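Structure first, then comments.
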Amino acid sequence: MSNKVHLGHTARKRFGQNFLTDENVINRIVGAISPDNEHVMVEIGPGLAALTEPVASGIDKLTVVELDKDLVERLKTHPTLKDKLEIHQGDALNFDFKQLVREDMQMKVFGNLPYNISTPLMFHLFEFAQYIENMHFMLQKEVVLRLSASPGTKAYGRLTVMAQYHCQVMPVLEVPPGCFTPPPKVDSAVVRLVPYKTKPFPCKDVEVLRHLTTTAFNMRRKTLRNNLKHMLSDDEFAQLEIDSTLRPEQISVQQYVAMANLFIDKQTKS
């Protein structure tokens, strides 16, 4: 049998499907998720239910978002899950997660995410951070390193800044390729993201922060002065006590927020 087939389902490359099969890893992830009935439990990409089954076993209801129609049909007829699941068939990248929030109940979101959509999905989920208690995701190890990176490192970038603006980021465990069917070509890791109830460095307009960080990191080898010359002047960098000759990966989240807020203030006055 092909190593792309697991439980009778052939992994689809276009959906980035790699199914988690290692029981020890599954148990550790479920322990980190800590399922309960006090939150709206949401799984993205349940696949063949490796996490779905143990999470659902201890709670009354689990909401899942799955793109693959064949997998949705399997879940609808699953002997132990079908009565516990609220199934949404569709693309998580376009899904309105706010609709899942119930009165006085925030979401706990988790999943073994398709690696080909993990970065855009992170940005999409950050839009709903105020409704989320925490998130646990299996990702490429490289993406987890980017999420948790410090300024001055190669992994530090736009994703780092936006993730750490919205959330505390904590790597949980590393997972080798042999824990999956089919084995991915890269190492994986689980990360815990806890959205801030109160932002340590509040930005007046998050869209401006996103635009500024995207602009800054578009050319990593260039200086801030070069990359942000259409947004901030040398005098404004001096006002913020930021060295404009530094490269974008040398600037902290707090400094990016300060630059965005100054730019917003300038636009408001003009």
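Glycine is treated like the rest: Cβ placed from N, Cα and C.
Residues or ranges marked as S-adenosyl-L-methionine binding site in Swiss-Prot (evidence: sequence analysis): Asn18, Leu20, Gly45, Glu66, Asp91, Asn112.
Feature map: annotations from Swiss-Prot on the structure.
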residue: Asn18; record: S-adenosyl-L-methionine binding site; Cβ neighbours (10 Å): 25
residue: Leu20; record: S-adenosyl-L-methionine binding site; Cβ neighbours (10 Å): 20
residue: Gly45; record: S-adenosyl-L-methionine binding site; Cβ neighbours (10 Å): 25
residue: Glu66; record: S-adenosyl-L-methionine binding site; Cβ neighbours (10 Å): 25
residue: Asp91; record: S-adenosyl-L-methionine binding site; Cβ neighbours (10 Å): 12
residue: Asn112; record: S-adenosyl-L-methionine binding site; Cβ neighbours (10 Å): 26
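Secondary structure at Asp91 (S-adenosyl-L-methionine binding site), taken from DSSP and collapsed to helix, strand or coil, is coil.
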